[in-house]
Amino acid sequence: MESNGISEQKIVTGDSGYILQDVPHLSDYIPDLPIVVHKDSPRGIHFRRAGPRQKIYFEPDEVRACIVTCGGLCPGLNTVIREIVYSLYHMYGVTRVLGIDGGYRGFYARNTIPLTPKVVNDIHKRGGTILGTSRGGHDTLKIVHSIQDRGINQVYIIGGDGTQKGASVIFEEIRRRGLKVVVAGIPKTIDNDIPVIDRSFGFDTAVEEAQRAINAAHVEAESIENGIGLVKLMGRYSGFIAMYATLASRDVDCCLIPESPFYLDGKGGLYEYIEKQLKENGHMVIVIAEGAGQELLSESMQQDASGNKLLQDVGLWISQGIKDYFSKQKKMTINLKYIDPTYMIRAVPGNASDNVYCTLLAQSVVHGAMAGYTGFTSGLVNGRQTYIPFYVSYSLAYDRTASSSFPFRIVALELTGSFLFRINEKQHKVVITDRMWARLLSSTNQPSFITNKEVIEDRKEHISGEEKNDENPNDENCADVDRKEHISGEEKNDENPNDENCADVAPENVNDSIP
C-alpha cells in the first residue's frame, strides 16, 4: 500500500455504488493483530428518512387538516404553524386548514380558526402561538369524536412529552375505529430533554436569550464589592440550557444543573467555592437550572395540569441560603442580585437557526402525512430528518438519560414489532462524565461536587453499553458522505425498506462520551 514511501489512500467500495474513503487501521500493515475486545450486538434501531414521496394517499381536495399547540410556550411555535400551512397550500394544493384554539380542550370546547397563507404570513415574527395553548384537557373520546364530526383527516400536534403521549393515545383510538386520519406530531420542549432526537426547536433561541440575563447579572456583580449575580434558567429535569448558556457566556463562575448533585456546606461545597471566588475576584456569577438541587428542598407533591411535579423555587431558596451563610457564619457583607428570566425567554420569537429548523420539521411532517404515514413524530436524528413512531421498539434496554451518545446504530427505516418503549417516557439528560460537561468545568473552573468513586462508577455504566465492532466498513463508525445520493434518495419511492429513503444516521463513536 505504499508508493515512494507514502501510503496509498484506503478506498472501499460497496453495494449501491458507494465509495468509502476509509481511515488507515493497524491491521492494514500488522498481520494477525489480536482483537482485545469484541462485543456482539444487534445491528440497532432504524427510522424512516423524512422527505417527499412519489406516492401520496390523499387527494388535495379531500384533505381537511388541523393544527393544535399544547403545553408551555416555546420560541418557534408560530414558525411551525406557518410552515405547515404554507407546505400544505403550496406543495400539495391543500386549501382547508384549521387551527384548534386553546390546546387539546379546543377540540371539543372552542371554535376552530381558519388558517390560510395570508393569515399566517407574519406570525413567525411574534412569540407565543396564535392558536393559544393550555395544559391538560385531554379527553380522548371527545377529541376523536370532534375530529370525526368535523371531517378532519390530518391532525398535526405540536407539544412536549405529555402532548406526544396524548397524541399516541389519539392515534390508537383512531386506528381502532379504522378512520383514514393521520396523526402526526412535532416535538416541542425548550429544555431539549426529548430523547432520540438531536435537539428540539426553541432551544437555540433560549440559549441566546439567556445571555441577556447572564450579562445583566455579570454587570451587577462586578459593579459592587462582593457582588453575586444569580440567574435561574429553565431545565426541569435536564440542564442543557444552563450548560450551553454558561459555555456561550464565559462570564459564569458556577453552573448548577439537575444531573450534577451538589452540596452546600463543608469542604469542597458550594459555599466554600463562593467564598474563594469572592476573595480572589471580588465578584461571582452563578447559573442554576430550575430543577437543580431539588433533593435539598422539601419535596412537593403538587402537580400541574400536564401531570408535571411542581418544583420548589430553587433560585429563591439558594439565594437566601447564601445570604444567611455569609451574614451569620462568615460575618461577611455580600450583595446578591437574583434574576429569573424564564418567561421572558420562552415568549420571544425564534431566532434564525430555530426558524430554519422549524421549517424543516414542518415540511417533513407534511410530506409524511400526505404519504400516508401516521402515528409518528418528525425529528432530527444525528443530523437527518426522520419519522419516529410514537412507540419505539428497543431490542436492548436503553435509557437516554444514562448516555449522551446513542449506543446503537440508527438507520432510517420503519420499525415493526412489539412496542416496548415510548419515545417520550424518558428525558434526555446531560451526562456529567461527557466531554461537554468537562468543557464547562474547565471554562468555569468550578468543582465537580462529585467524588472520584462516583465518576468511575458512572463511566463503567456507560462503557458497558458501548459497541466496538469497527472492522466492517459498513458498520456504525462509517458515515455516508455522498450528498448527491442522499438528495436523490429523498424523492424516490419508499416502499422498499432498503432503498435510498433509508439513510444512515449513525451517531458518533460512543467512545467520545468519555472525557
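Cβ from N, Cα, C; glycine included.
Marked as domain 'Phosphofructokinase' by TrEMBL: 65-367.
Arg135 (ATP binding site) is surrounded by 20 other CB atoms, counting those within 10 A of its CB over all protein chains shown. Sequence annotations record features per position, and here TrEMBL assigns ATP binding site to Gly72, Arg135, Gly136, Gly160, Asp161, Gly162, Thr163.
Here the Cβ of Asp161 (ATP binding site) has 25 other Cβ atoms within 10 Å, regardless of which shown protein chain they belong to. Annotation source TrEMBL lists Mg(2+) binding site at Asp161.
According to TrEMBL, the feature substrate binding site maps to Thr189, Ile190, Asp191, Met234, Gly235, Arg236, Glu290, Tyr343, Met344, Ile345, Arg346. Sequence-distant contacts of Glu290 (substrate binding site), defined by Cβ-Cβ distance under 8 angstroms and a gap of at least six in the same chain, are Lys232, Leu233, Met234, Gly235, Arg236, Leu311, Val314, Gly315, Thr342.
When other Cβ atoms within 10 Å of the Cβ of Asp191 (substrate binding site) are tallied across all protein chains shown, the result is 29. Taken from TrEMBL, the feature active site, proton acceptor applies to Asp191.
The region 'Disordered' annotation in TrEMBL covers 462-515.
TrEMBL lists 462-471 (among others) with the feature compositional bias 'Basic and acidic residues'.
The compositional bias 'Basic and acidic residues' annotation in TrEMBL covers 480-495 (among others).
Sparsest Cβ environment among the binding-site residues Gly72, Gly136, Gly160 (other Cβ atoms counted within 10 Å): Gly136. Across the domain 'Phosphofructokinase' (65-367), the prediction's mean pLDDT works out to 91. Considering only the binding-site residues Thr189, Asp191, Met344, the residue whose Cα is spatially closest to the Cα of Asp161 (ATP binding site) is Thr189.
Closest to Thr189 (substrate binding site) by Cα-Cα distance, out of the binding-site residues Gly72, Arg135, Gly136, Gly160, Gly162, is Gly160.
Cβ neighbour count for Gly235 (substrate binding site) (all protein chains, 10 Å cutoff from its Cβ): 29. Within 10 Å of the Cβ of Met344 (substrate binding site) there are 14 other Cβ atoms, across all protein chains. On its own chain, Arg346 (substrate binding site) has Gly72, Leu73, Cys74, Pro75, Gly127, Ile190, Gly202, Ala206, Met234 as residues at least 6 apart in sequence with a Cβ closer than 8 Å to its own Cβ.
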